[in-house]
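Peer 1: Let me give you the structure first, and then I'll get to my questions.
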Amino acid sequence: MQSALSLRLAQRIGPLPLKLAGAAALAVLLAMPALHLWTDPASSLHVSAYTLTLVGKILCYAIVALAMDLVWGYTGLLSLGHGLFFALGGYGMGMYLMRAIGHDGNYQSDLPDFMVFLDWKTLPWFWQGSEHLAWALCLAVGVPGLLALVFGWLAFRSRIKGVYFSIMTQALTYAAMLLFFRNETGFGGNNGFTDFKRILGYGIAEPATRATLFLLTVLLLVAALAAGFWLVHSKFGRILTAIRDAESRLMFCGYNPLYYKLFIWVASAMLCGLAGALYVPQVGIINPGEMSPANSIEIAIWVAVGGRGSLIGPVLGAGFINAAKSWFTVAFPEYWLFFLGGLFIATTLFLPRGLLGLLRRHKENA
Amino acid sequence: MQLFKPLLLLLLLYSGLVAASPLAELAHADPADRAGLITQWTVQADGPRRQAVAALEEGRLFSSTDGNHVLLQGADGKLSDVDSGQPVAGDAASLDALPVNNSVRSALEAFHAASDLADPERSKRLSAIQALQDSANPGLLPLLLARQPQEPDAQVKQALLVASARLQLASPDATQRLSAIHTLADSADPATQTLLAPLADSASESDARVRAAAAQALLDLKNSQWRYNMLGYAFSGISLGSVLLLAALGLAITYGLLGVINMAHGEMLMIGAYASYVVQNLFRSWWPGAFDAYLLAALPVAFIVTFVIGMALERLIIRHLYGRPLETLLATWGISLMLIQAVRMLFGAQNVEVANPSWLSGGWVITPALTLPYNRLAIIAFVAGVLLLTWLVLNKTRLGLFVRAVTQNRRMADSVGVPTGKVDMLAFGLGSGIAGLGGVALSQIGNVGPELGQGYIVDSFMVVVLGGVGQLAGTVTGAMGLGIVNKILEPSLGAVLGKILILGFIILFIQKRPQGLFALKGRVLD
């Protein structure tokens, strides 16, 4: 047993070249903010604000993909609503950023502009305290966590799984999207939140702010990878895998899958919320479109393309697809959906273990 | 009798005088009384009176420069004095025409409506009654009452009754007001509420009996309005439910059979709608005479196209993902993305216009408060037909037998020689074909665009979740239930909150019945 575990460990971390590649990638990521801040804009080493934002955005997506992998790749629950948790985290952060605009909005009011536009006189109760970043972060993590807890408890208790579970999560994010599209809900309706000015007193578009947010995102991703690594290789993680592969047998062995599923589901949602909270200040906008079912299902394909059931795979998948997306939508905007759709089909048909599986097979053959 | 003789003589003399020249009477009437005079004439219109009214209306009556005479402009443009009939020299352009103010104008309208009351054309009679009713002039009442016994058409007669009752509401006679209230209460027209309200009020109505009757009538009206509203909600609920049913029927079949959710199912609806668009255009350019029949031609076209696409999908993709339902979900989503983009590139990203054939426009007016549009009615009937056909296919054909067998126990069916692969393919084609038919129906009630199917995915999944799989009854109940509850919640909560409430309800519902309303009993465990 012990040897099998160490063997698995070695397999998971991968051979030396993979380790080196990982270290190199991390070094590049850590160097990027420094290159943005301290190099001459004309030099070839300079990292532009656009690139930094784009990579920061993709890193946030990678965190979401990692969170998705924990529930889908390891526990076998395909969520088609993870975009909802991500967007809720983003809205939590967005509330703080809207309040931080202060009097610099178009209407020079204490209230966010969209509320002035709706002719509201006071802040709604759920906006109370959102002027503090700490509380906003609590909301960004706590609200997705609470929603996941309630929904997960109801769903797992009645042992909803497989396709049914996926459909219910999709309906959940769809309903939330409709709700957030309404102006009366109190989150800016269609337009969501945008035109942020500052965070903790620092200008949101300043290079130093960008670099800090980028670094935080890298750190969160690394921390999430480390925590995920520890989790899936613990005894707990093995039970998660058992739930994925043979839930009934696990139950016959005397385990109750409910709390295992619930824990990983809520943790995943909270991680998504955190990623959303880092995403919004970097991208500068959050709107209900983030909750559309199409967005959530795209997260699943990042994971599938990268390789389910491995921690580094989803990160690669999110990076690969989003980089392809930013290139495609500029170069051939009409063909992006064909490419994405083809990727969905090709991955599921030919690459059940994703790109990482391809690498491993190659290694095994060699 | 003797006593009355002089009086009678006087009366005769007077009426003779008037009859001699209605024109003069109208011309010399005080401007404020003119409307009243016309109303008086409306009840007993004759030739000279009509001519006099026409002269006033057409602006051929002028006051002379000294103001003592009124001049009539004849057909030849010459002026003559209305009293003497003598020609008068002068130019009409330099004179002021007798004014036609608003009250005179509405009196004129009623005057014309009165002559239309006996028109042979039914719609003309109806609009004449409407005009008289709108004039709100109690003086016209005898006209309406006189027409009632002669009216052959029942509906027009009812309109006459209502119109006269409305005028009688202002009658000084309490019994007349009472009977008018009763007539109006029976009419169930929501517009009469505002008319009855003052009669129930002690400030404007002195007779207690009338007040009580009016209050009762208002209550009845409110009740009947509530009933009709509920009927209206139920109808739009059934209509929404039947649309959902068309979308969910094929989904339920393929889910029951293969255990996979086809995320590209919504796109089959979209392709069906585009098929009817293409057929419509072909008819428009090649066979415009039979344009109204295009919809009937679109049905088989849409079915065949989506049937073939569905079979191809099953053969090429879904078959290879057998046993991996979650991957199938993603692969079919990829298919739906590609289909959407393909349609966008072929037909453009904008919505295309699909016209209703003439026999589907308009509606069936049940009462003034409730109109059922023909296209909705046709869809309900169509869904019933599709449902019947599906039931026949599933229960009376060999294919249906196989489908049911594979749904219940795939391996056992395989063992006894059911060609499961072929059954999968045909059933997938059938499910897609039904969605294609649904697309034709949807093209008649909504926008047709590349994203048409996306709006129905979540709702039709909810139908499947609610109804369970493997039995048509479950899908029908799920669809109708969702549709009706949706429409009942909509007016009070708004569409979005209603939807969210329904979702919450479904999540709670599957706590109790995880397999849906109509679960197939089985002993299979993974």
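Think of each number as a place in line: the chain as shown, counted from 1.
Placement of Cβ uses the backbone N, Cα and C atoms for every residue, glycine included.
The model shown is predicted, which means the values in this text are computed figures rather than measured ones.
As listed in TrEMBL for this protein:
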- A:20-38: transmembrane segment (TRANSMEM)
- A:50-72: transmembrane segment (TRANSMEM)
- A:84-102: transmembrane segment (TRANSMEM)
- A:133-156: transmembrane segment (TRANSMEM)
- A:163-181: transmembrane segment (TRANSMEM)
- A:211-232: transmembrane segment (TRANSMEM)
- A:258-279: transmembrane segment (TRANSMEM)
- A:299-323: transmembrane segment (TRANSMEM)
- A:335-356: transmembrane segment (TRANSMEM)
Peer 1: Determine which recorded stretch among A:133-156, A:211-232, A:258-279 has the most C-beta pairs below 8 angstroms with the transmembrane segment (A:163-181).
Peer 2: A:133-156
Peer 1: Is the number of Cβ-Cβ pairs under 8 Å between the transmembrane segment (A:299-323) and the transmembrane segment (A:258-279) three or more, considering only pairs separated by 6 or more positions?
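Peer 2: These two segments do not touch.
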Peer 1: Tally Cβ pairs under 8 Å between the transmembrane segment (A:211-232) and each listed stretch (A:20-38, A:50-72, A:335-356), then give the stretch with the top tally.
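Peer 2: It is A:50-72, which has the most Cβ pairs under 8 Å.
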Peer 1: Between A:20-38, A:50-72, A:84-102, A:258-279, who has the most Cβ pairs under 8 Å to the transmembrane segment (A:133-156)?
Peer 2: A:258-279
Peer 1: Quick test of the contact rule: Cβ under 8 Å, at least six residues beyond the ends. What residues does that give for the transmembrane segment (A:84-102)?
Peer 2: 64, 67, 110, 112-113, 127, 130-133, 135-141, 143-144, 147-148, 169, 172-173, 176-177, 180, 187-188, 192-193, 195-200, 204, 268-270, 272-281, 286, 288, 290-291, 296, 299
